[in-house]
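See structure below.
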Amino acid sequence: MADDGSASNRRDPIKSSVGNVAGQRRRKQAVTVAKERRELLVRAKRLCRVGTNGDVEDALVENEMMVDEEQPILEAQASKSVEELKSAVQYQGKGAMQKRVTALRELRRLLSKSEFPPVEAALRAGAIPLLVQCLSFGSPDEQLLESAWCLTNIAAGKPEETKALLPALPLLIAHLGEKSSAPVAEQCAWAIGNVAGEGEDLRNVLLSQGALPPLARMIFPDKGSTVRTAAWALSNLIKGPESKAAAQLVKIDGILDAILRHLKKTDEETATEIAWIIVYLSALSDIATSMLLKGGILQLLIDRLATSSSLQLLIPVLRSLGNFVAVDPKAVLTILIREQNTEESIIGVLAKCLRSEHRVLKKEAAWVLSNIAAGSIEHKRMIHSTEVMPLLLRILSTSPFDIRKEVAYVLGNLCVESAEGDRKPRIIQEHLVSIVSGGCLRGFIELVRSPDIEAARLGLQFIELVLRGMPNGEGPKLVEGEDGIDAMERFQFHENEELRVMANSLVDKYFGEDYGIDE
């Protein structure tokens, strides 16, 4: 189900019940995460410089050959290399196979050795039909591997260069099968992963040609490199915005067991690739989400958070955890109760991430906590009773804006019970007093002053809680003491009607003509 763009990027803070817009939020997150993922980890496409056959000697030669050369020289060499490949393909005499492999290897080296490989020149010279011909069934493994490697690096190029692989896709998919050698299958999976990383249209072509089942079966064995490559390609193939591929993947017998096994037992690099599959499954497939929860996914994710320091792994693990929290808060509550107040508890591992120096990690951890804090009164009490509270209050006053905003969602949600519709939420006064006493009000008023509409709304909502909920009517004085009146008055003629009405109503109600008259 593609997001229509109208859904909130997270459940509406303070006013909504847990899960109210969780499904929409998870689907939208799956659409946007691909861009973030490329920016943070440069993962959508990968140039292959060292092959999948484990040939160390070849890798060393490759490294020696990686010298900076003028682009025109590289392009001329690429054109010449394609012509030599064309001659080798046509040659039928003695040593024909070795002649083809030598020509393929030379083209592959040219497509691997530069930061900007001469892909366009190779395509103009007619490389694709020749590479497709070299992928034909019955060809020696060495020829298949070199051809798939060339196609992998072509697919890592510009969009139009990636699309040039369309004629090769059926054979690349066919070589994913069990009859292929592991290096050949892995190299073909790599090429397919690059194609899938280009965009939705090419993903749909791959799905229609049957790429998903053989790719999924490649993660069943415990073969590290093959599993990593196949899992990365799978995550590119299912990442949305449509849920069709995720729904198809979860129907493959044994796939969820394999995902859980690898997340639990494999090295961090493999677990990272598996975790990105979980991100998209938990965002796009309710069936997969339910089945993974039954398989104990939450505890596995928490265990990875507790034991890993790898940013590349922790980001998808946190993203997955937040998705599961949004869809099944009861499962999270069970774990909260069982492991409360320990470093290995869900709150403990999220606190660990909040203490990290990595900005993205802090933001992701705060987002997960905001999902938990938007749950039941039990969820809120469990968070409020832990060591994470002083940490959240400190972050609200010291961190960059985007992290402060995420933390503000946590603190705001801790102060109210979940409410349905337009009804004002009931304030949890004990939490509100504690959080305000911790010095958070200034941080929320700073959000009101920000140009970010979402943050300003959140700040105004919290001010309303303070004005309405602090005991002995002390809310207005507290807000005034932090220059909250001035912050709200900036909305007197604001173009956003919702914020204008909200701010003006609060000023009129709590700071009208009679304000301060009894002092």
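Using N, Cα and C of the backbone, Cβ positions are placed for all residues, glycine too.
Here is what Swiss-Prot says about this protein:
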- 1-29: region 'Disordered' (REGION)
- 116-156: repeat 'ARM 1' (REPEAT)
- 158-197: repeat 'ARM 2' (REPEAT)
- 200-239: repeat 'ARM 3' (REPEAT)
- 244-283: repeat 'ARM 4' (REPEAT)
- 286-326: repeat 'ARM 5' (REPEAT)
- 335-374: repeat 'ARM 6' (REPEAT)
- 377-416: repeat 'ARM 7' (REPEAT)
- 429-468: repeat 'ARM 8' (REPEAT)
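Counted with DSSP, the repeat 'ARM 3' (200-239) comes out as 30 helix, 0 strand, 10 coil. Within the chain carrying the repeat 'ARM 3' (200-239), a Cβ under 8 angstroms from the stretch's Cβ atoms is held by residues 30, 33-34, 43-44, 46, 52, 54, 162-163, 166, 169-170, 173, 176-178, 182, 185-186, 189-190, 192-193, 245-246, 248-249, 252, 254-255, 258-259, 262, 266-267, 269-270, 273-274, 276-277, 279-281, 284, all 6 or more beyond its ends. Confidence annotation: the repeat 'ARM 6' (335-374) carries a mean pLDDT of 86 in the model.
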